[in-house]
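Asker: Found this in TrEMBL, in case it helps:
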- 1-22: signal peptide (SIGNAL)
- 66-113: domain 'EB' (DOMAIN)
- C401-C416: disulfide bond (DISULFID)
- C422-C434: disulfide bond (DISULFID)
- C429-C447: disulfide bond (DISULFID)
- C476-C494: disulfide bond (DISULFID)
- C488-C503: disulfide bond (DISULFID)
Amino acid sequence: MTRLFFFCVFPMVLLILDVTNSTPTIIKLRINDECYRDKDCEASIENSQCHLGYCRCRPFFAVHNGTRCVESTLLGNDCLVPEQCYLKVANSSCLDGVCRCEEGHLQFRRHTCLKAAKPGEVCYSHEHCRLWDSDTHCDFLIPDLFGRCQCSAPMKRDGEICRPDLLVLPPMASTQSSFIDNFFDDKNSSALYINEPEDEFDQINPEGNSTETGVQISWLKNATRLLSTPQRLTSNLVTRPMYRTPKPYNENTNELPDDSDSIIIEADEITELIQTTTSTTSTPTKADRHESITLTPVSLGLTCNNDLECRMADTNSRCINGICDCKISGGNNTCGARRTGCPVGTFQCRGSGVCISWFFICDGRRDCGDGSDEECSHGQCPHQSFHCKKSDTCISRAGQCDGRIDCPNGEDEEGCKNRRKCPDGAYRCNNGQCLPAYEFCNAVVSCRDGSDEPRGACRTRYRSRITPARNCPFRCANGQCRSDAITCSGRDGCGDGSDEINCNVCRCPAIL
């Protein structure tokens with residue numbers, strides 16, 4: 001009986017062994033191939049995932065030749081494809097195998113490509129302003145940190161451009177015109193003509209001479225680009241447009257749309273962590289897919305609608321009671337919604353979690369990639385900004401008590417001439433003068449009595465000689481007292497870099 005059982009079972013065992021020892025067919029998938037689970041993609045492509053039924057690179061990994069997922073990188077590092085650069089740094093690309101800023105942008109450290117700064121906008125260097133107009137400079141509010149672009153003499157600001165101070169001239173007698181012709185002697189540049197009023201702007205002929213009667217006034221050397229936009233100056237003074245219209249910066253830049261940091265996902269197939277990119281990404285649709293919805297990332301401590309918004313910013317966070325918070329909490333001293341890591345007084349960008357100085361909030365220029373720092377209307381003013389109550393709009397706190405009306409109804413200058421008390425948020429000099437808050441300890445004497453730059457507080461590095469903490473908006477690690485506007489400004493305002501520490505939201509503990 002035993003012998004019979006052996007002979008009956010043994011062939012079956014051999015058959016099973018033969019089947020199990022056969023080499024299975026391995027199908028190598030590529031990016032955009034259909035899949036059912038992450039392992040299907042990971043077996044062929046490292047750092048990939050199965051996202052909504054298709055193989056995709058994981059967040060912050062770029063596709064290379066459809067077969068690889070290469071990690072995104074910062075400026076100055078080697079690269080293979082443009083996406084590898086702009087996933088980490090907007091307005092950058094892979095140029096000659098290295099991540100660099102695109103034309104018309106200026107590198108700022110390794111993580112930012114600055115767009116051209118127009119007159120009146122925030123700037124970080126003279127070169128930053130000159131991307132837009134060569135006749136400008138950065139008028140530093142805090143030396144070597146940041147300021148605002150201003151026209152260089154003898155130019156004067158006219159909207160977004162700088163024009164020569166003598167551009168707008170009153171009608172003059174012929175005896176005066178000869179003096180002007182001798183003073184400006186560049187005969188090859190564009191010209192102004194003093195004629196009778198005209199309804200249309202005529203083109204100057206190639207030789208630069210007018211067929212009409214009139215006095216020709218040559219331009220300053222660097223002013224030819226200013227005539228690219230026709231504009232009537234007075235009833236008797238008409239500008240002639242140039243043939244070539246110069247472009248202040250490259251129009252084909254990688255501008256982030258208003259819905260940046262967003263992706264499109266399918267509402268009925270939300271099963272895995274969705275891929276985050278710096279631009280809107282559409283996924284291929286299958287025949288049986290339904291209407292899609294758009295989500296944007298939400299960083300720690302900010303209001304949310306669902307878990308996915310939080311997970312897009314931090315994979316270990318969740319939407320808990322309408323706030324993005326860590327799934328795992330380890331006590332009062334760990335990362336969480338109540339302790340995000342941003343320094344006090346700074347603004348937290350909604351999607352990226354980057355912390356930026358209050359100086360940049362509601363200043364008319366997007367400093368957060370998603371533009372959340374410029375959501376400044378309909379009464380929803382960030383608390384780091386100044387609220388113009390009558391118009392229900394917001395402006396930068398830097399405009400409060402600066403001597404210029406920025407609110408439509410002038411609320412930013414109300415109470416600024418009261419010698420006894422300055423408005424909340426402004427700085428009061430010892431003589432009663434009211435100034436913007438950033439003026440204190442910014443290395444520029446602005447109070448008429450010099451009280452905004454007290455030597456014992458702003459210059460000494462010895463803690464024993466420093467004024468009490470209640471009089472110091474921001475204390476550097478080296479003991480210096482500085483304006484809190486320098487905190488997370490992107491520049492070292494302390495001299496030891498301590499004002500640029502912890503300018504990103506902390507990361508939640510990993511979920512095991």
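Glycine residues also receive a Cβ, built from the backbone N, Cα and C atoms like all the rest.
Automated prediction, rather than curation, is the source of TrEMBL annotations.
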Asker: In whole Å, how far does the CA atom of C447 (disulfide bond) lie from that of C494 (disulfide bond)?
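Answerer: Just about 21 Å between their Cα atoms.
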Asker: Over the span of the domain 'EB' (66-113), how high is the average pLDDT in this prediction?
Answerer: 90
Asker: I'm trying to understand the geometry here, so how far is the Cα atom of C494 (disulfide bond) from the Cα atom of C488 (disulfide bond), in Å to the nearest whole number?
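Answerer: Counting only the Cα atoms, the answer is 11 Å.
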Asker: Give me the CA-CA distance between C416 (disulfide bond) and C434 (disulfide bond), in Å, as a whole number.
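Answerer: Spelling it out, the Cα of C416 (disulfide bond) and the Cα of C434 (disulfide bond) are 5 Å apart.
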Asker: Looking only at C401, C476, which of these disulfide-bonded residues has the biggest number of Cβ atoms within 10 Å around its Cβ?
Answerer: C401
Asker: For C488 (disulfide bond), what is the tally of other C-beta atoms lying within 10 angstroms of its C-beta?
Answerer: 27
Asker: Using Cβ-Cβ distances, find the residues under 8 Å from C434 (disulfide bond) that belong to the same chain and are at least 6 apart in sequence, listing them in sequence order.
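Answerer: The answer is C401, G415, C416, K417, N418, C422, P423, A426, Y427, R428.
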Asker: Select the most exposed residue of C416, C447, C494, where exposure means the fewest other Cβ atoms within 10 Å, treating these as the disulfide-bonded residues.
Answerer: C416
